[in-house]
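First up is the structure itself, then whatever we jot down about it.
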Amino acid sequence: MRFVDEVTISVSAGKGGNGCVSFRREKFIPKGGPNGGDGGDGGNIIFKADSRLLTLYDFRVQRHYRAQNGEGGKGSQRHGKKGEDLILHLPVGTIIFEQLLDKEYFLVDLDRPGVEFLIARGGRGGKGNEHFKSSTMRTPRFAQKGEMGEEKYLRLELKILADAGIIGLPNAGKSTLISKLSAAQPKIAAYPFTTLNPNLGVMIDNLDPDKRLVLADIPGLIEGACKGQGLGHQFLKHIERTRFLIHVLSSEDIDEDNPWLGFDIVNEELKEFDHTLMQRTQLLVVNKIDVLQPEKLSHIKQVAESSGKIIYFISAETGEGIELLVDAIWKLQSYRLNAPFIHLKPIEHKSDEEFAIEVAYTKE
């Protein structure tokens, strides 16, 4: 299925059913009192985070969603049925914004599986005419109309939730690495931008199968990515939720005069996009050591040691050095990103004073 991480949709909650204007009519009781029932409430629209979903593709196919209306009230004090709620399943990590005129407002971040959020409240059902009987009004010929359901225009943005993000220049071997560390099977080829969408893989501890870690293979970043060049900043946002980064550099991209230029280019793009990303712990990895001559590999390791950098030298193709990298990844498992907690503002209920009243005339 095609990976889609941003869509705009509209949602309309159900309208409340109208209250009924009715009077008791039985044998020997030609002029009974009012007995109109209440209308049913309209259905709500609810968003639910679903860990089985990885894309917003379905919401690009269908752009408008409407919940069921409430039934109107009936005579003999019979109330209308409530409209059925519409529950829309979204990938974990989806952020919802409401669009009002030319502005946009944050509503909710579905950052945990199973989280539900009432995005649009159904209209309340109108009260039947039996509610308006009084000592001075014995035959009320009016009832409340059902309230309109809330309607909203929304932008949905998916930011992948992963423990670690695998980043680097194009063709650094990131896809091969994630396939070696997990059961993911991304498209792999020897040319830049093979990965056009983020790939997810789950890394499982051989000694403890319940110990798992989610990896995200982020498409290759080039100089100017923060300004939209290459695959652009559309994928940089997927790094924001990771706890730490695995920064991969191909041995073929190492220059003797400036061996770590590849690391610097990517880090500069991260800094330009969001300077807080530079606080994220990075595991520096040099990949494709199998294609190097032993003398050159030895020289690069000496340069790394003299620079004070801790760098893991691996070959994702042959598996050389993978075991040491895996140990380092598990040591960072408990690392937590100190993200600010966002308090959600609940949807407020309206007072009865805001309810409309419909006047309905009936014949005696």
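Cβ from N, Cα, C; glycine included.
These features come from Swiss-Prot:
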BINDING   168-175, 193-197, 217-220, 287-290, 315-317  GTP binding site
BINDING   Ser175, Thr195  Mg(2+) binding site
DOMAIN    1-161  domain 'Obg'
DOMAIN    162-334  domain 'OBG-type G'
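It is 9 Å from the Cα atom of Pro219 (GTP binding site) to that of Ser175 (Mg(2+) binding site). According to its DSSP assignment, Gly168 (GTP binding site) is in a strand. Counting every protein chain shown, the number of other Cβ atoms lying within 10 Å of the Cβ of Asn171 (GTP binding site) is 19. Averaged across the domain 'OBG-type G' (162-334), the predicted model reaches a pLDDT of 78.
With every protein chain in view, the residue among the binding-site residues Lys174, Lys288 whose Cβ has the most Cβ partners within 10 Å turns out to be Lys174. Taking a C-beta cut-off of under 8 Å and a sequence gap of six or more, Ser315 (GTP binding site) has these contacts in its own chain: Asn287, Lys288, Ile289, Asp290, Gly321. Rounded to a whole number, the C-alpha distance linking Ser175 (Mg(2+) binding site) with Gly168 (GTP binding site) is 11 angstrom.
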